[in-house]
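Asker: Input: one structure, supplied below.
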Amino acid sequence: MIVNECLFFTIALCDAAEPWQLGFQDAATPMMQGIIDLHHDILFFLILILVFVLWILVRALWHFYYKKNPIPQRIVHGTTIEILWTIFPSIILMFIAIPSFALLYSMDEVVVDPAMTLKAIGHQWYWTYEYSDYNSSDEQSLTFDSYMIPEDDLELGQLRLLEVDNRVVVPVKTNLRLIVTSADVLHSWAVPSLGVKCDAVPGRLNQISMLVQREGVYYGQCSEICGTNHAFMPIVIEAVSATDYTNWVSNLFIPPTS
């Protein structure tokens, strides 16, 4: 393929799953960056709520311990505190909801005039890719299947259960339209670094938009249980410069010489 990524480079950028990983993979699209930012914003409010609740709990245990207060206080009504614990949670939910809805709607937006259209078809248990812009005839089409490389055939530096024989090559900083469907059962096309997860449903076309911002190799997997070999349907996206992408396409259409 065009870019030969070593294992160190892939792990350093965190574009593939790692053992014992707890955080996100590095964002390669505005969509994924928005997801990470939203997570951090919500986590800020969660930490504040956690600290406040723990403070109230510790204070109650300390000041209202039964040995210090043998006779419990009988508080049955408090208008002020009831108003406060209704208003403040509502404000917090509003601060969480507004950016989350904005991100949700932006993820559903479809580019009106994409520079490139890619179709992914799920099978048991591999993916078929069609570059629709080049499929002008049966003699000239850009379609291929992508299977997982068996463990015994892996080369040094390749990732177990994540490498494929044919990678999907896309240009960076280009508006892409991805059409996802299935030829048999439910699948799901998901690449964490790109912030993409689209269900592949038989008889239905789902589409999403992508804008890969940096070159690299991005790994994903089928994220919908689809049978015995569900875990062996990896996805590999190789993002290259526009020049390298054009050369890659041109080389595929060069007729073989005898």
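Note: Cβ is positioned from N, Cα and C throughout, glycine not excepted.
Residues or ranges marked as Cu cation A1 binding site in Swiss-Prot: HIS187, CYS222, CYS226, MET233. Summarising the annotation, Swiss-Prot assigns Cu cation A2 binding site to CYS222, GLU224, CYS226, HIS230 and lists similarity to another entry as the type of evidence. Sequence annotations record features per position, and here Swiss-Prot assigns Mg(2+) binding site to GLU224 based on similarity to another entry. Annotation comment: Swiss-Prot describes 1-41, 105-258 as topological domain 'Mitochondrial intermembrane', evidence class sequence analysis. Here Swiss-Prot flags 59-82 as topological domain 'Mitochondrial matrix'. Marked as transmembrane segment by Swiss-Prot on the basis of sequence analysis: 42-58, 83-104.
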Asker: Please list, in sequence order, every residue of the chain apart from HIS187, CYS222, CYS226, MET233 whose Cβ lies within 8 Å of the Cβ centroid of the Cu cation A1 site.
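Answerer: Filtered neighbour residues, in order: GLY122, GLN124, TRP125, SER188, ALA200, GLN221, SER223, GLU224, GLY227, HIS230.
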Asker: What else in the chain is close to the transmembrane segment (83-104), if you only count residues 6 or more beyond its ends and a Cβ gap under 8 Å?
Answerer: 34-35, 38, 41-42, 45, 49
Asker: Taking the Cα atoms as reference points, how far is HIS187 (Cu cation A1 binding site) from GLU224 (Cu cation A2 binding site) in Å?
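Answerer: If we compare the Cα positions of HIS187 (Cu cation A1 binding site) and GLU224 (Cu cation A2 binding site), the gap is 5 Å.
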Asker: So of CYS222, CYS226, MET233, which of the binding-site residues has the fewest other Cβ atoms within 10 Å around its own Cβ?
Answerer: CYS226
Asker: Within the topological domain 'Mitochondrial matrix' (59-82), what mean pLDDT does the predicted structure show?
Answerer: 76
Asker: In the topological domain 'Mitochondrial matrix' (59-82), how many residues does DSSP put in helix, strand and coil?
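Answerer: The breakdown for the topological domain 'Mitochondrial matrix' (59-82) reads 9 helix, 0 strand, 15 coil.
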Asker: State the Cα to Cα distance, in Å, between MET233 (Cu cation A1 binding site) and GLU224 (Cu cation A2 binding site), rounded to an integer.
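Answerer: Cα-Cα distance, MET233 (Cu cation A1 binding site) to GLU224 (Cu cation A2 binding site): 10 Å.
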Asker: Take the mean position of the Cβ atoms of CYS222, GLU224, CYS226, HIS230, the recorded Cu cation A2 site. Which other residues of that chain put their Cβ within 8 Å of it?
Answerer: GLY122, TRP125, VAL185, LEU186, HIS187, SER188, SER223, ILE225, GLY227, MET233
Asker: Please give me the CB contact count at 10 A for HIS230 (Cu cation A2 binding site), counting all chains in the structure.
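Answerer: Excluding its own Cβ, the number within 10 Å is 17.
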Asker: Using Cβ-Cβ distances, find the residues under 8 Å from GLU224 (Cu cation A2 binding site) that belong to the same chain and are at least 6 apart in sequence, listing them in sequence order.
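Answerer: Sequence-distant Cβ neighbours: LEU186, HIS187, SER188, ASP199, ALA200, HIS230.
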